[in-house]
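Trainee: Take a look at this one; I'll ask things after.
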Amino acid sequence: MMDRRLIENFDWSIIWVLLGIICIGLLSVYSALYPQIRANPTHNLFIKQIMWLSLGFGVMFFTLFLDYQKLKAVSFWLYLATVVLLAAVLVVGKEVNGSKRWLELAGFQFQPSELMKIVIVIQLASYFSTQEMTSYPPLKKLLTPLAFVAAPVLLILAEPDLGTAICILAISGTVIFFMGIRWKYILAMMIGVIPLLMPIWMTVLKPYQKRRIEILLRPDLDPLGAGYHIRQSKIAIGSGMLWGKGFLNGTQNKLHFLPEKHTDFIFSVWAEEWGFVGCLVLLVLFGLLVFLSLRVARRSKDRYGALLVVGMTALILWQALINIGMVIGLLPVVGITLPFVSYGGSSLITLCFAIGIIESVSMRRYVFQTR
Amino acid sequence: MRFSRDGHNVTKIEPWYRRLMNVKKKKADNLQLLNWEMAETASFQKQYIIVAGVMFLILLVYMARMWSLQVLQGATYRYQSENNRIRLEDISAPRGIIFDKNGVPLVENRPAYHVLLIREDVQDLDGTVRELARLLGRTPDELFAVLEANRTTPKFLPIRLAADLDRDALARVEAQRIRLPGVVIQLEPKREYRWNGTAAHLIGYLSEITESDLKQESYQGYVQGEDVGKFGVESAFERFLHGKRGGRQMEVDAIGRRIRLLDELLPIPGRNLWLTVDIELQRLAESLLEGKAGAIVAVDPTSGAILAFACSPTFDQEKFVRGLRKEEWQALSKNPNHPLLNRGSGAAYPPGSTYKAFMALAGLQEGVITPETSFNCPGYYEFAGRRYRCWRDRGHGGMAVERALIQSCDVFFYQTGMRLGVDRIAQYVSMFGLGERTGIGLHGEHPGLVPTSWWKRQAIGVPWQKGETLSISIGQGYDLATPLQMAVGYAAVANGGNLWQPYVVMRVEGSTPVETDEIKGKLRRTIPIAKKHFDLVRKGLLGVVEDDRGTAHAVRDKSFLMAGKTGTAQVVGVADGANRKLLERMAKGKTRDHAWFVGYAPANDPRISVAAIIEHGGHGSSAAAPVVQKVIAAYLKSESAAAPSQ
C-alpha cells in the first residue's frame, strides 16, 4: 500500500521546470535535425529522442518507488561493479573516434562512465553518512573518499574521455565541499594536482593524446578542427541577437558546420533561433532546477539524503555549466552534453535517474515531520 | 526549536565550533545523534549559500557573455552568418631539403598548383565541372569521378580536382576563375629531385599517403592527398623531413573571394638533411655502372659514413612525385633488370673469394693455421672421393696464407675451412657483420646469410654435410652478403677490427640554425682478433694489388697504395668437364658469374673502403676491380684537394 505522505511530498515544481527544459530540448533537437528529417523522414533521430525521453521517464518513475535508504547497503558493491565495468571498457570496449567508451551488451551500447556519475554520488553519500564527521573533517578522513574518486577518474582518463572525468571530479568535489572542507585543503589540492598530473602527462599519455588535450585547451592550435567549431558556434549564437531568428530559421545550422550540433553544440542551435531572450529563459530554468533541488536537500531528513540530492544536483548543474561554457567559448571544448536538451540516450537516462533520486528524497522527508 | 511555515522543524544554526563541542558531548546517545544529524542537515546552510552563490555567479558571467555576443556584437555575427562564410585552408609545410656532404642540394621543393573545388560555393556544378574539364584538357567524366570518390566530404571542404597544373593550364583556369565561383587554385610545395635518378635508391621517393597509412599512429596529423616518404632516406627520415602543416580560417564572400584572415596557424617546415655522400663521387660511381647491373658502396672506415651508394639500373624519382600511372608502375616493377631493387643493401650475393680475408683471420686467430702453415695446391682438393677444384686448374703449388690471399688459392682455404668447421667459420664471419642487417636504417635491408649447422637443420631440415663446408669456405654455397655488408666488413679489416654501423645522414638541420643535430658514427663492436693477424691479412690484401702475381695487379695505381680482394660469385654451378664458355653463350651472359671487388686505401692509413659488384660481370679482377680503383682514386684526390695541408 502506498503511503499517502509519499504523494503529498512529491515536488511538482521540479517536474514543471524539468518539462520546460525538455521542451526547449525537443525544439532544438528538431531544429538541428530538420535538414536531415526533411531529406530522409525515415531516418528520424527526433522520434528516437522522444523514445529515449519516455524511457527516461520510466526510469524516473521506477526510482520514485525505490527507497533511497536501501541504496546505502549496496552502494559499495554498485561502485565496485561500475569500476570493473570501466576497466572492462578499456579491454573489450568499442573504439569510436580513437577513444574507447562503449561496452556492447546484447546489441545495446552502453557507457559505464555515464553510470559512474550517479554511482560516485551514491557511494560518497553513503560513506559520509556512515562516518562520524565534524563539519570540518580532518584530512585523514578525506583520503578514503578521494581514493573512491581517483580510481574511476583515472580509468575514464585512460579511455580517454576528459569531459566525463572533469564532470565526475566536479560532482565529487561539490559533495566533499558540502561535507565541509577547509579552504586550505582546497588550496593545497589545487596546487597538489599539478605535480600529480605531471607524471601522467609525461609517461602515460601518447603524443597524439597529448596533442588532443592541447587542442582542447587551446582551440586556436587547430584552426581547421576545434577552432573552426568554436568560431562557427559563436557566429550561430551571436547572430541570434536579442530575439533570435525564429524556429527553424537558423542559417548557421543549415550549413552543417558542426558534426555534433544536435548533441554537444545544441545550445548554439537554440541561441541562434531564440536569441538572448531564449538563452535567458533556458539559464533561468536551469537556475530554478538547481534552486528547487537544493531546497529538497535542505529539507531532507538526514545527512545521507541531503548529500544524495546535492550530488545529483551537482551532476546536472556542472554538466550544464561546462557545456554552455564551452559552446559560448569560455571553456575548452570537451565532449559533454547539455542535460535534458542534447540528443542522446545514455545521458538522458542517467539524468532522469538523478531527478528520480531527488524526488525520492523529497517524498520521504515525512519521517521527521510527524515527530 | 521553532516551526517553520510549512510545518517542518528547523534547528537554529549554531556556529561550527559550538557544534563541534556538542558532538563530543552527545556522541553516545543514539537518539541524540539523530537529532544532531537533523541539526547538521539544516546547518549545511552555509554550504547551500556558497553553492548557490557560485552558481549564480557563473550564470551571471554566462549571461554577460551572451549579452556581449548576442546584443553587443550581435549585428557583426548576424552579418557574418548571412553574408559570409568561413573557409578552411590548409597550409602544407615545405618538406626538408636534402643536401650532399658539401651542401649541394640534391632534393628541393618547387611550387605546384592544384585546382580545388568547394561545392558549397558552386552555383552550377555540372557546368563548372565541364568548363574546368575544357580548361584543363581533361574529360568531364574524369573530374566527375573525382567528385564521386569524395561524395562524403562535407560540402564546405575543398576537393582536389586536378593536381600539379602545367603553366598553360594554370593560366587558362586563372583567367576564367572569376566566372567560376567555388574554384580555388592551391599552391603547394612539391618535391623536386635535382639530380633525378642519381642516388635514387639511397634518397628514395615520395608517394601519396594511403588510406591504411592514415590510420597508423605514426601518421597522426597527416591528411589525405599528402605525400610521404616511401623509400630510402625520404622514408627513413620522414619524421624530420615532414614538418607540421598549418591552416587558416578565411572569411570569404558569396562567390568564394577571400575577404579577411580570421585565424592562422603557420606551418613548421621540415628539417633539412645533410647526407654523408658527395654528389661528385656518387655521380662518378654511377657512371662507372652505366649499362650494367650492380652496385658500388663506399664507406669511411673511420666512422661508418657512407661516401657513395650507387645502384644500377636506377629509376626516375620524379615519376613517383607526379604520380605513377598504372602502366608506368607495371613497367617499373616488371622490368627484368629490377630498377627498383636496391642492390647496395637490399640484395645479397654469394661473396665469393672476398670471403677469404675473413677466413684467413678466423684460421689465424683460432690457431688452425699459422703464418707459416703451407698447403699444397695441385689445382684441386679431394674430399670424400670428389675433387673440389681451384680456380687455377694448374694449381698454385705450396703456399702460406699471405700468398694464398694474393693469388686467391681456393685449395688453401678449403683446408683452412675444414680445420675450422662450419660453425667456427660462421662465428668469425658474423663478427664482421655478415648475416645480420648493418642497421643503416634504409627500407628493405637484406640481412644476407651466414650458414651454420643449426641454421641448415632449421631452414632446410637436413644435417650439415662436411662437403658443404668446402663451398662456404670460398664464399659460395649458402653464403650471401650485400655490397654494403662487404664494404663495412672490409672497413673493419682495414681499421684493425672496428665494426661501424653505417649511416647516411650526418646532420639534421632545424628550421633555425640552433636546432642542429650532428650525427656521429656508432661503433657496433670491436672484433677480438689479434693485431698481428690483421697486419698479416692486410699485407696479403695489399699484395692482391701490389704484388706482380696478385689477382688485381692490373689496377695498381702508382699514386696510392690500394689493398683489396677480388671475388667471383657463381651464378650457376658448372658440372665437371662441361664447356663453360658454350653454356654462357647459350644463356646470353645470364649464367656469367657476378664480379666482386672489395678494397680500401690508402693501405697504411685507410680512409675509404669500397665494395663493388657487377652482375654477370665475369671475373672480379677485370670487371669490378677497375671500378673500385677509380672510385678510390677520385675520392682520395678530392680529399687532398679539400685539405691541401695533409
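Yeah, the Cβs are placed from backbone N, Cα and C, and that goes for glycine too.
Quick caveat, the model's predicted, so the values are computed rather than measured.
Sharing the feature lines straight out of TrEMBL:
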type	residues	note
TRANSMEM	A:12-33	transmembrane segment
TRANSMEM	A:45-66	transmembrane segment
TRANSMEM	A:73-93	transmembrane segment
TRANSMEM	A:163-181	transmembrane segment
TRANSMEM	A:186-204	transmembrane segment
TRANSMEM	A:274-294	transmembrane segment
TRANSMEM	A:306-334	transmembrane segment
TRANSMEM	A:340-361	transmembrane segment
Trainee: Applying the under-8 angstroms CB criterion, which one of A:12-33, A:45-66, A:163-181, A:274-294, A:306-334 scores highest with the transmembrane segment (A:340-361)?
Mentor: A:45-66
Trainee: Rank A:12-33, A:45-66, A:73-93, A:163-181 by Cβ pairs under 8 Å to the transmembrane segment (A:274-294) and hand me the top one.
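Mentor: Most contacts with the transmembrane segment (A:274-294): A:12-33.
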Trainee: Among A:12-33, A:45-66, A:73-93, A:163-181, which stretch has the most Cβ pairs under 8 Å to the transmembrane segment (A:306-334)?
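Mentor: So the stretch in question is A:163-181.
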Trainee: Which range out of A:12-33, A:73-93, A:163-181 gives the transmembrane segment (A:45-66) the most CB pairs under 8 Å?
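Mentor: By Cβ pairs under 8 Å, A:12-33 leads among A:12-33, A:73-93, A:163-181.
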Trainee: If we skip the immediate neighbours and take only residues 6+ beyond the ends of the transmembrane segment (A:12-33), which ones have a Cβ under 8 Å from one of its Cβ atoms?
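Mentor: Same-chain contacts beyond the flanks: 44-46, 49-50, 53, 247-248, 250, 253, 261-262, 266-267, 269-270, 273, 278, 281-282, 285-286, 288-289, 292-293, 296, 338-343, 355, 358-359, 362.
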